[in-house]
Structures are given as structure tokens and as C-alpha cells.
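Colleague: Before I ask anything, let me first share the structure, which is written out below as C-alpha cells.
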Amino acid sequence: MSDFFQFLISGIAVGSIYALAALGFVLIYKSSRVINFAHGQLIAIGAFIAYALAAWLKLPIALALLAAVLATGLLGFVVERVFLKRLVGQPIISVIMVTIGLASVLDGLMYLTPFGSGNFSYPAFLPQEPLRLAGITVSYPQLLAVGFTALFLLLFGWFFQRSTLGISMRAVADDQMASMSVGVSVEKVFALAWAVAGVTAASAGMVVGTVSGLNQDSLIAIGLAVFPAVILGGLDSIPGAVVGGITIGVLQNLAAGYLNRFVPGGGTELVIPFVVLLVVLWFRPHGLFGTEEIERV
Amino acid sequence: MKRSMLLVGLTLLSLAQAQKTVSLVHSGAITGPTSDVGGPYAAAIEDYCKYANEQKLIPGYTLNCIVRDDQYQNPNAQRFLEEALDRAKPAVYLGYATGAMLALKSLIQEVKLVAIPASAHIGLIDPPDNTYVFLPTSSYSEQVVALLEHIAREKKGAKVALVVHPSAFGRAPIEDARKAAAQLGLSIVDVQENGGSLDNTALLRNLEQKGAEYIVHQNVAGPVANILKDAKRLGLDKKIKQLGAIYTGGNDLIRLAGDAAEGYLWASSYYTLEEDTPGMRLHRELAAKNNRGVLGQSHNYTAGLLAAAIAVEAMKRAAQRFGRIDNATFYDALVGMNGPNAFNPGFVVKTANSPEIDFTKSEQTGGEGLRVLEVKGGKFVPITQPFTSTLFRKVHYGK
């Protein structure tokens, strides 16, 4: 039984990383209906900025992390201003294609830096010994992932429900034309969404870097790994991203724990989440918490 | 006027004849998956090419190095090779990935082009279509069998699990490892594939329940580092000892796993960066001169230097012996690299009975010696003398 709880807790920790990475993805979709294929690149850039500040400029790690979060937020803002601003009102597929191109450009630029083909680790800043309770162990980087996710979930919950800007973002997501007609600046909303997505992406990148080290491809892969999480939770739902992420993480760990021993070579953790995803989508095509869109003719 | 033009033409022609060009082509993962291996490997090839031209290592020839980034995609590797064959007529192909090399074997055989890959998959030098493929160092299978021999010496009847990369690269040594384990009285309790996971609790708990005392990895450094860290977190680092083949170790592993890497055992043919050999002095010199930073601290940089050095040496010998460098003379020069003509650049260890690098038509592995190294105090240090695995030959070739 202790194995079950260990798998569950580890799954929640991994799922929190997926959820954290998924938040920015959902945020952009929620405000602009754009699927951002460059999200993995933002995750990697945030993680590497923090590393550069901490390891090269020798900034205290907390300051380096904070500066990296802000810098990646600024990058998200600039990307929106430079590349996407002109596409307001254009077909969504055009914007999606731009994000695919952007991913390729950012990838290439990162390979031109010293980070391109290397493996790196943050200077140790968390206790090395894990927490142990009733036979269950949790590492501090895992706790960091859970903490960050909970923090952002609360912040976004407040932001979208209470703040004028958050309500504007929801309005723009719902109907751009109607929002503009009541004075909401769609451009500002989009830019803000990209900036905040940059902030969450950097946070996710730093958590992944703390858990498993920094490698460009592994970090970018996290950006793609969140797809099942956001589709399961619902593409436009912040709580959905969290529930989807944690569900995928737990399913992966339980599958690896209980099914791999019967399957030569293992690998069920890569399949089972998708099986569950298919079943859920069969009954709820818009995901667990996604908005059910009804088109009246 | 006509006479002066003729004179200029003749001068240019004689200059062109005096300094001919020979091409070497490399296609590898400079970006994309496994670029932490492919990046330093390709950088080393570029640096050695520059060095070869500066030092005029190939008399009468300028070396034209074509280095392409295939992003670990087999179709890209095939396209680059076909393009190079069409345009540059290379004397040698320095390949990279297992999958791409296995796919290109028949083409390589057809065009009779010598290929020296980064991949050490034994299937590359096994029939069919194996005449022109040569491994710079011992195969993955030999490395894993050598590690099993080390385990058998340490603990008779030990229970061993294999954790491998989910690819042809990862699966390469499984069959030979099973046969070797049976011969050594070890039991393989499980074989799991792992391409990198944020959490390996389930994997480690399952292996613990199956009684695994050793985990042998055939993977790249990233996934192994995560498993080491998780083993330490779960308190399994004292209970299960971990070992791995060439691409699992090196400075990358120490950088990623930190303290959790302590005690990790690694099978490698290469000297470490701190050792004082001509090859490693050259490694340090070229890495510093070309500002390679972290890439220059990798044993994969040494591996790239070795592959390029073997190619350049064979070109040099072909030029000296036959007066020309082409596919056929390159091949003859390479398979003549043995006995008193063996190549000793100082990148890999040699055993008491074998030189550093030697090839024949039937012996297509260059450096056959390897050592087991252990992480002690944040560094890999050798814990065995260089040796070759006799059991590997028995289980793989039946002799």
C-alpha cells in the first residue's frame, strides 16, 4: 500500500510540473484561441536565463529566478508585439503557423548560444535530503513544483474572477468584436496573455531544470508533453490545466508502477494516459472543464 | 597575349595539381535529440579538420570537411550522404546515429565508401553489408558484457536489471547481455526501456521488488542522471549499484546528477580529460583554441577527435602509399592499420596485448581496450586496468 501512496505522491509532483507548463499554454488559448507551438521554447529560454544569471553572473539564486521570470515575461510580450500584433483579426491558422515558425527560430537561436548542445545544472539551492513521512519520500524540487502550481492557480483564479484585466481577457476570448465594441483593447489583452504565459513558462522551466537538469531538448519536450494535459482538462480552462496535468502525472506513475512489471520493456506510462484521454473525450469532447461551444444556426 | 594567358592557365593548373582537395563528410545530431552527444562530436570533427589543414597532416592535400546537422533524423542523414556522394565524392563518411547507420548500410556497401560512425552498435559491423563500416572503439555490446563481467567478479550470482534507451541504440546489447549473464551465472531480472522521465519512482520500486542488485544502463546521460537522483531520494543508492556504457557517463552525468553520481561505474575506452597523453593534450589544446567551453569538456569531443584522426591518418597513408586518395585507397590504408602500422594517437586506452587503434578486413573495431571508471569525489577515476572482454567474442561470435 505504501507503494501506491508513493506512486500517487510522485505522480502529483510530476503532474504539477505538467500543470505549471500547461498554464501558459491555456492562458494564450483562453484569451486569443491560439495554440502556441513555441511554448516549449519559452520554457527552455526561461530556464536558461535563470541558469546564466545564477551560474555566470553569480546572482543569488532567488534573484536569478525572479529576473528570469520577468525577462521571459518580457520576451513573451515582445514576441506578441513584434510577430503577432499584426495578425489580430486574421484566421487563427495563420497565427498558429506563426507560432510554429517562431518555435523554429527560437530553437535555432538557442543553438547559437552555449546552451544549445549541453547539459547543465543549477547551483544547489534546495536541501539535498528528501522529506520522508510514513515511508513516502518527496524531494524539495518536487515540492517546489507543487508549490509553484498552487501559487499560480490561486493567482490566476483571483485574476480572472476579480480583476478588470482578467475579466477583459475572458471577454476577448469569448468574442473579440463584442469586447472591442465595449472598449476593451484586444491588443493589450493579447500582449498581456503572452507576457503572463512567459512568466509561467519560465517558472515551469526552472522547476524542470531543478528536477532533472537543463537540456534544451528535454525542456522543449515538456512544452509538447502538456498537450494531453490541456486537452484532458479543457483547452480554455485554468483549473482544467491543473487537473489535467495532475491526472496525467498520476496515471503515468500508476501505470509504470503496476503495469510495467507485466509488460516486457515497460512503457505503459506512455500509453495509458492517452487511452484515458480518448475515453474522456468520447464522453466530453471539450475536455473535463473546457467550454462547451454551442453554435446556433 | 595568347602566350601569357596560356602561361597563367598552366600555372593555375600546376597549382591545382600541387594542392588537391579530399573530402570528409559528417552528418550528426548537432541539434535535436541527443545533441548533447552530437554537438561536441561534430565540434571536434570541425576542430580536427582545421588542425589537420594547419599542420598539413595530409601531404599535398587540403582537407574539405563537410559537417551537416541531420537533427537525429534518418531521412536527413540519407539526404546529406547522397548529396555529398553526388557533389563532393568523399573518401570517408563519419556517421552518427544507430538508426541512420543501419538504414545506410546497404548504400555504403553499394558505393564502397568507408563509414566510421559514432554509434557502436555491433549490428553495423555484422553481416550483411558490413565490409566498409568500422567502429573506432568497442561496441555497446562489448561494453555491457564487460560490465557484467565486472559485476560477476564483484558478486557471484548477482541479480541484474538492464535499463535501456527505447531505440535501436538502446536495445543493441540486450541479446549479448542475456547470453553473457547466463555464462557468468548472473540473472537478468528485468529489462526496462527509459527515454527520460521526470520521475523514476515506479521503475526503481519495481526493480527493487524483483531483487535487482545492479542496474546496467545503455542510454544517454540525462535519463541515467534522473534515475540516479531518484534512487538516492528513495534510499536505494546503497542497495542497488548502477553502471553504464559509454554514452551514459562522462562529465555530463556528473554535472546533471551531482552527488547522486558518486559510485556510478562507467565502461569507457577513452582517456579522461585530466590524463596526460598526446591525444588528451591535443584535446585540451583544440578545445581551448576554438573556445569550445562545456562542449570541450565532454568525452564525446574526444570521440569526435578520434574519428576524425583515424580518417585523416588513413588519408595520409593512402596519399603516401598510393599517391592518391579515393574510396579504394582509403579502404586499403585503413585495413592496413595494424601490427607495426597500428595507429596510436593517445585518445583511447590500449591493453597489454593490443595497440590503441588497429583494423583489418575482418577486425572492424579499432580500439578494443576499455576500462571501468567510478565516480569518486565528483570525478570519474579508473578502477581497472585496460582490458578486452573475451566473453563478448564467445557470446557474440561463438569463438
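From the backbone N, Cα and C atoms, a Cβ is placed for every residue, glycine too.
So TrEMBL lists these for the protein:
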TRANSMEM  A:6-27  transmembrane segment
TRANSMEM  A:34-53  transmembrane segment
TRANSMEM  A:59-79  transmembrane segment
TRANSMEM  A:91-113  transmembrane segment
TRANSMEM  A:133-160  transmembrane segment
TRANSMEM  A:189-214  transmembrane segment
TRANSMEM  A:220-250  transmembrane segment
TRANSMEM  A:262-283  transmembrane segment
Colleague: Among A:59-79, A:91-113, A:189-214, A:220-250, A:262-283, point out the range having the most Cβ pairs under 8 angstroms from the transmembrane segment (A:34-53).
Modeller: A:189-214
Colleague: Please identify the stretch among A:59-79, A:133-160, A:189-214, A:220-250, A:262-283 with the greatest number of Cβ pairs below 8 Å relative to the transmembrane segment (A:6-27).
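Modeller: Between the stretches A:59-79, A:133-160, A:189-214, A:220-250, A:262-283, A:220-250 has the largest tally.
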Colleague: Quick check: do the transmembrane segment (A:189-214) and the transmembrane segment (A:59-79) share at least 3 Cβ pairs under 8 Å, counting only pairs 6+ apart in sequence?
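Modeller: Yes, since the transmembrane segment (A:189-214) and the transmembrane segment (A:59-79) share at least 3 Cβ pairs closer than 8 Å, they count as touching.
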Colleague: Report, as numbers and ranges, every residue of the chain located at least six residues beyond the transmembrane segment (A:59-79) whose Cβ falls under 8 Å of a Cβ in that stretch; write 'none' if there are none.
Modeller: 38, 42, 45-47, 49-51, 53, 102, 122-123, 125, 191-192, 194-199, 201-203, 205-206
